[in-house]
Ligand code: UDP
Ligand code: MG
């Protein structure tokens, strides 16, 4: 059934721009400005009000179908869907302090500083009555992953990875017509570079930990969900 691992080579330029891929230094200042506002930082975790959370990270390149499959998982298994990209876009729309920085970062196909994204995810997790979370499009780099563990004080129970050939992802993104500032060929190329260089190491990390469930993201929505369903069905005890 398994076809092949995404081949990004034709979309990723041989000389990678360090300004795109060199992210961590950029996060330090933001971290300082957020430390006083992160309520549970000292405790190293957030309160789930006596609930044991079940956390799923949903990873995959741009256009690999993460959001579409998340909707199906929500319908079937009752998860709370937190799309990191959507939370960031809402933040831009609300014209918050960090809105223009987030907009410029997304336009460039780079990764928003961990603390900003995690703060938005944390707010949603804390205010939800649900204990089952689908965190879609995050973590996008090792630094995101480590920061999440430190700030939220939890690791994902499982990680889904939607594996899709680059040419298919490009086709889907260019055809989806959602009016997104980053759905153009220039930004897609950068997003694919960032995906390969920074996101795939996170995928590999969870594969080594035995938490990764690789899904072949080619086919109809229902065909893909046929691979997703058994992953959650096998966790029935924890998610009912
Ligand atoms: N993004 C980010 N951190 C995240 C999630 C998203 O910085 O945790 C930014 C990043 O610039 C990315 C963009 O938001 O390219 C869009 O992300 P989304 O997951 O919505 O789209 P995808 O690239 O998966 O189609
Ligand atoms: Mg999405």
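From the backbone N, Cα and C atoms, a Cβ is placed for every residue, glycine too.
Site annotation for ribonucleoside 5'-phosphate in TrEMBL covers 110, 111, 112, 137, 138, 139, 140, 180, 191, and the matching candidate from 51, 89 is 89. Most buried of the binding-site residues 66, 89, 176, 180, judged by other Cβ atoms within 10 Å, is 66. Under 6 Å, Cβ to nearest atom of ligand 2: this is the test, and of the binding-site residues 63, 67, 68, 111, 139 it is passed by 67. The binding-site residues examined here are 64, 68, 144; by Cβ neighbour count within 10 Å, the least packed of them is 68. Spatially, by CA atoms, the binding-site residues 137, 139, 144 include one closest to residue 67 (ATP binding site), and that is 137.
Secondary structure at residue 219 (ATP binding site), as computed by DSSP, is coil. Among the binding-site residues 111, 180, 219, the residues whose Cβ sits under 6 Å from any atom of ligand 1 are 111.
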